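In what follows, a single structure is set out as structure tokens and then discussed.
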Amino acid sequence: MANETMPTTPTAAAIAADDGSGGSPFGEGNVTGISVENPSLVEGLLALAMNASGAERCRLQQQAEELLQDVACPSFFDMVSCWPRTPPGTLAVLPCFAELKGVQYDSSQNATRFCNVDGTWDNYTDYDRCEHLEQPPPLPSFEPEIELPTLIYFVGYSISLAALVLAVAVLVYFKDLRCLRNTIHVNLFLTYIMSSSLWILILSLQITVKLEVAGCIFLVTLFHYFSTTNFFWMLVEGLYLYMLVVQTFSGDTLRFRKYAIIGWGGPLIFVGAWAIAKPFFGSVSNLEHPSKLEIECSWMRESHIDWIIQGPSCAVLVINLIFLLRIMWVLITKLRSANTVETRQYRKASKALLVLIPLLGITYLIVIYGPVEGVGSHIFAITRAILLSTQGFVVSLLYCFLNSEVRQTLRHHFYRWRDERNILSGKVNNHHRRPTFSKDNSPRSRTESTRLTTTTSAPLI
């Protein structure tokens, strides 16, 4: 029966996997007691072997063993394990590798290879006992294709879109609300609606189907146009308030046509120049590390040429900030005067000054820059997504649904509709002012009550 030999040191049991990692399979004990002509050369080769890969270590060990004078099977690398120098007629034994090509194996078992009597290795290595271990299936990790800020943008834009559509319908339908101020509000709302709709449409197409190049260019150009018009109509809102409060002129001094040229015509110049220059400039995004939501259309990637439209938008925000500061200064100056009716009106306006922040787009200045790494960057991205995606909803809420003029108009039309329905059904409902009768229930009291009812209902008919 052939003898079995085990390495005398722990390093001799190291496994040289396909990546070449692992400790040195040999120690000085492998050559202890063997006479060599140049021991220092052997020690030098062993030192090199300690820092080399598995296959390289075997090769260096073979070079060192060439100086040895005994007969034995030399060190040998079989593409999996590095077998140490073994005496002839002996069965070499190594522990099974713990891992190979990402598969875990039972390292408590052994692999064997026989060293023939003539000092040559057998052609076969027995790895039959090296069985792979059954690993429990890993817990499924939730790794969404869309990041959390993108989901927040989607939800926020959807809520804003619904609120803005309803607000535009209210301001357009009721003639009592038609004025230059509300007309400017309607145009601002329309820019919010178009930019939000296009953002949602582009995201949906990007997830579901591969967007064609022509369709991508068209949608992205429209999105940038309406996003820029959104900023320019914020400028119109600021200019209107500035003319009304600071310059003490009527807001109607500038006709709506001039406001429309600023709001719709100004962005057309900048977006047109951007669309002409965009094909000639590549994107600056890192394509080796794409985002989770892969961008197929090159027009959606950022580039330095985007400053053609980003620059005017930033300038609009700065101008609106100047308008806001000038309006605030005028209001503070008025508040220092006597407590007149006009002063009380300005005090009321000063309380609503914070309402101008979303209307003039000052929110963008708050979140224009933030941290780019660490936990702070994630918090900033989420906060920015919440503020910007819900800005349309906030503006529609403040300047339509919570506006006293709008609420009064809606209440008036509701009461009128209800009374007309009751009259048509033969039931007069005196909800606002019910007739009162005297204790004696005299005919005069009944006549006055009838006259009061007729006077209240007549204008509604």
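Backbone N, Cα and C define each Cβ position, glycine as well.
Per TrEMBL, compositional bias 'Low complexity' is recorded for 7-19 (among others).
Marked as compositional bias 'Low complexity' by TrEMBL: 450-461 (among others).
Taken from TrEMBL, the feature domain 'G-protein coupled receptors family 2 profile 1' applies to 57-134. Averaged over the domain 'G-protein coupled receptors family 2 profile 1' (57-134), the predicted model reaches a pLDDT of 81.
TrEMBL lists 149-403 with the feature domain 'G-protein coupled receptors family 2 profile 2'.
Annotation comment: TrEMBL describes 1-31 (among others) as region 'Disordered'.
Annotation source TrEMBL lists region 'Disordered' at 428-461 (among others).
Residues or ranges marked as transmembrane segment by TrEMBL: 151-174 (among others). Long-range contacts of the transmembrane segment (151-174) within the same chain, counting only residues at least 6 positions beyond its ends with a Cβ under 8 Å from a Cβ of the stretch, are 144, 182, 185-186, 189-190, 192-193, 196-197, 199-200, 203, 382, 385-386, 388-393, 396-397, 399-401, 406, 409-410, 413.
Residues 150, 153-154, 157-158, 160-161, 164-165, 167-168, 171-172, 211, 215, 219-220, 222-223, 226-227, 229-230, 233-234, 236-237, 259-260, 263-264, 300, 359, 391-392, 395-396 of the same chain, all 6+ positions outside the transmembrane segment (186-205), place their C-beta atoms under 8 angstroms from a C-beta of that stretch. Here TrEMBL flags 186-205 (among others) as transmembrane segment.
Annotation source TrEMBL lists transmembrane segment at 225-246 (among others).
Positions annotated as transmembrane segment by TrEMBL: 258-277 (among others).
Taken from TrEMBL, the feature transmembrane segment covers 307-332 (among others).
Taken from TrEMBL, the feature transmembrane segment covers 353-372 (among others). Tertiary neighbourhood of the transmembrane segment (353-372): same-chain residues 188, 230-231, 234, 237-238, 241, 314, 316-317, 320-321, 323-324, 327-328, 331, 380-381, 383-384, 387-388, 391, 394-395, 398-399, selected by CB-CB distance under 8 Å and a gap of 6+ residues from either end.
If you look up TrEMBL, you'll see 378-402 (among others) marked as transmembrane segment.
Across the domain 'G-protein coupled receptors family 2 profile 1' (57-134), the DSSP tally of helix, strand and coil residues reads 9 helix, 31 strand, 38 coil. Each of 258-277, 307-332, 378-402 was scored by its Cβ pairs under 8 Å to the transmembrane segment (225-246), and the highest score goes to 307-332. Same-chain neighbours of the transmembrane segment (307-332): 224, 227-228, 231-232, 234-235, 237-239, 241-242, 245-246, 266-267, 270-271, 273-274, 277, 346, 349-350, 353, 356-357, 360-362, 364-365, 368, counting only residues six or more beyond its ends whose CB sits under 8 Å from a CB of the stretch.
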